[in-house]
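To keep things clear, I will list the structure first and then write my remarks on it.
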Amino acid sequence: MNECYYDKRMDFFYNRTKTDTADEWTGPQLIGVLCFGTFFCLFIFFSNSLVIAAVVKNKRFHFPFYYLLANLAAADFFAGIAYVFLMFNTGPVSKTLTVNRWFLRQGLLDTSLTASLVNLLVIAVERHMSIMRMKIHSNLTKKRVTFLIISIWAIAIFMGAVPTLGWNCLCDITVCSSLAPIYSRSYLVFWSVLNLVVFFIMVVVYIRIYMYVQRKTNVLSSHTSGSISRRRTPVKLMKTVMTVLGAFVVCWTPGLVVLLLDGLNCTDCGIQNVKRWFLLLALLNSVMNPIIYSYKDDEMWATMKRMICCSSEDKSQERRSSRIPSTVLCRSTDISGHYIEDGIIQGTICGKGDLADKGNS
């Protein structure tokens, strides 16, 4: 029977795997790292809180797509918490950690990644189902969206806790990885391959959606009246979503590839030299998302700006601005065109039937 090492501190595992814990992180270098990390974490907290507040405050965002977008911002907010915990439990401190504290440190990071990944996957499925079924509004009611959000976090927490539940190398230190010295190499292979496969699936789904919307918009452009900007609205929304997905894939793929190489026991790949840079790249993803939302979505930016400036518009002006898109979008007499130009953005309602749908949701 193999001996288990639950009572050992992390220095035992780091020394055995010869993992660099950055003992040289002292003085100005350590202060610089902490200041850099603190600034970005504060920005993550502030900007993602604004996104969530904007969805709650603006009634034009009270639709399934934006609820899921707010949940994605919540995942980024949680990632900020994970990075703060990591900052004060890394470098020379890593060797002094207990096994349980180290599991907590890594579990927070794994949970935040899974929450973002699963949320993007749910958004992809929701968009695909709505568009391909030619429906004005998503079938998702508020109860269903709430259930999905709860499920996303349940899956994320479970995946973050899997190594703690037993898939580790504490009872078989011969299979310990180098980057995560109490994770088994088989788990790192499973974790990285699973996430990379989901990345590929989401990219394929979003490309399919974008090509469909682009083709449909081009066909309808010669048969429907209205401004060019109106016909480009659904394409603009899909570009926003695809930009978010693209940033996520670019920021996380290098780190997952490094974990995969470590899981495959690649000793000549120099993974120790790049691990910190790829971790910082993953941190930047949570910084970039709120910027993408505000840059790509004028309504989101306007709502966030009003909250930042602590100013509120006159109610009559708000009602007038909310009626303008509905009036314009309802001019289309083509059912498919109406869906493409109205249903995707989930933010405008035409006619009494739609009002009933909104009430049911």
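The backbone N, Cα and C atoms fix where each Cβ goes, glycine too.
What TrEMBL says about this protein:
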- 30-53: transmembrane segment (TRANSMEM)
- 47-293: domain 'G-protein coupled receptors family 1 profile' (DOMAIN)
- 65-88: transmembrane segment (TRANSMEM)
- 108-125: transmembrane segment (TRANSMEM)
- 145-167: transmembrane segment (TRANSMEM)
- 187-207: transmembrane segment (TRANSMEM)
- 240-261: transmembrane segment (TRANSMEM)
- 277-295: transmembrane segment (TRANSMEM)
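Count of Cβ pairs under 8 Å against the transmembrane segment (30-53): among 108-125, 145-167, 187-207, 240-261, 277-295, the largest is for 277-295. Between the transmembrane segment (108-125) and the stretches 65-88, 187-207, 277-295, Cβ pairs under 8 Å are most numerous for 65-88.
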